[in-house]
């Protein structure tokens, strides 16, 4: 069989390979996209830069050891003490309470949605769960103060007076509820990404659903689950409104969750409300606490990124 | 039939294909169905409203290698997944008829699919090791099934049985995902035999492997058939011819509405199927005229 021969159209000379007209549109689009990408980076840099000078000023008067080791925080009092431990301790305690709620419930919800729920149930439940993430935190704060705390006081079984009017327990519990959707949704995504071939392999060895979920799917999705939890921790550490409303504004160094205490974010919110004159020393304390908070959440995010990278492509 | 439209190849000689029937089953006893493990009768499978398989009746002999061949969409994978109730995992799948395993219908209401799958293992098309160490892959089944005994010995025994021990004995704690595709598939076979099943089902176990890895798995199957009953679905007719004792040829009927229903056309010893098939459709398929 002979193939038809291809001939160049008669009369047309060789076409130039040079661009007929410059394509400005491409460049404009590219530039706009670059700007969009740079906005968040620039903001981060801006925050760091604006944090540095007041923080440096602060540490010229208060030593790092005094700041990180001191047990009294009375920055806005007439005889100020600048030991950040009460604020740091309150942040940690409330975060731990929140995680104690959010990790088991979030992970349980994720396992249910990914492994047990049939398609229709999942289609209804997952968006409902994500709506919980859209509730403003100030609403959660008042929910903690005006609903959870009274119930805790009412039902308190032990002796003594029970929880204070403002307390870390109530704030922590409600904060836990707030971060359930973060942990559940991201963990569910990670589990849904586990290939069915692994589940088939496990079922074919005579495993039941519970074993397949716990021994195969969860370990295979572990990096995503850990990243979800770290993100939950970051949100808990950075959360402000719930703790400002429900946990109080008294910096106390205690591990008793029934007492009122002030977190780092709680202090910033209090001090930032306008009573503190700009450029006063009290004003600089806000930045010192803010810098510490930034360092903590930054480290958490780095850990999260590392974990995700380390275990990515694990099924390949 | 649509096969008239497909250009014929090798029409002059029914044995033109380089089929070495029984190449890999030398030294094995004569094929026999005297001691059946499965007795399948009137098996129908639906996916939703679609009947994927219609009216399959066959015996599977103990310690035989039974191959299931046929064109795509003929239902052979569907049928093999009925032998350990893996079809339960597909939403909308429904099975009628009987899959009797030593006389007990696997689809009786009170049969526990978990118990079924501990006796009837499966190896899949794509190697699917767990993202765990080689050791933990093998130990998984015995652990979750609560098997007693020395786990180290059990792991060694399973890996030896799957002809993988010498290659991996120094790196048992390494990730199974670092192994080659052929090694991964032998690992999956080792994982299946570690729970000491009676039957191993293999759903196109070599389709993702290169020819050398395929040859190793075929050798392995011949060895395993001394202890296990093996059912294999394969797209590769030569593979069926080389390794199996019995061959079942499936094809798809197309009804008035253009819907395909798989059915068993012919089931006999592999020698008979490949050298003297009784059904014209079987002959057309194995000589490459159709499918």
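Including glycine, each Cβ sits where the backbone N, Cα and C put it.
Note: TrEMBL annotation is automatic and uncurated.
Keep in mind the model is a prediction, meaning the values are calculated, not measured.
Transmembrane segment is the annotation TrEMBL gives to one range among A:87-113, A:249-275, and that range is A:87-113. Among the residue ranges A:28-52, A:53-77, the one that TrEMBL annotates as transmembrane segment is A:28-52. The list of residues near the transmembrane segment (A:125-148) in space but at least 6 beyond its ends in sequence, with Cβ under 8 angstroms from a Cβ of it, reads 109, 113, 117, 166, 170-171, 173-175, 177-178, 180-182, 184-185, 188, 239-246.
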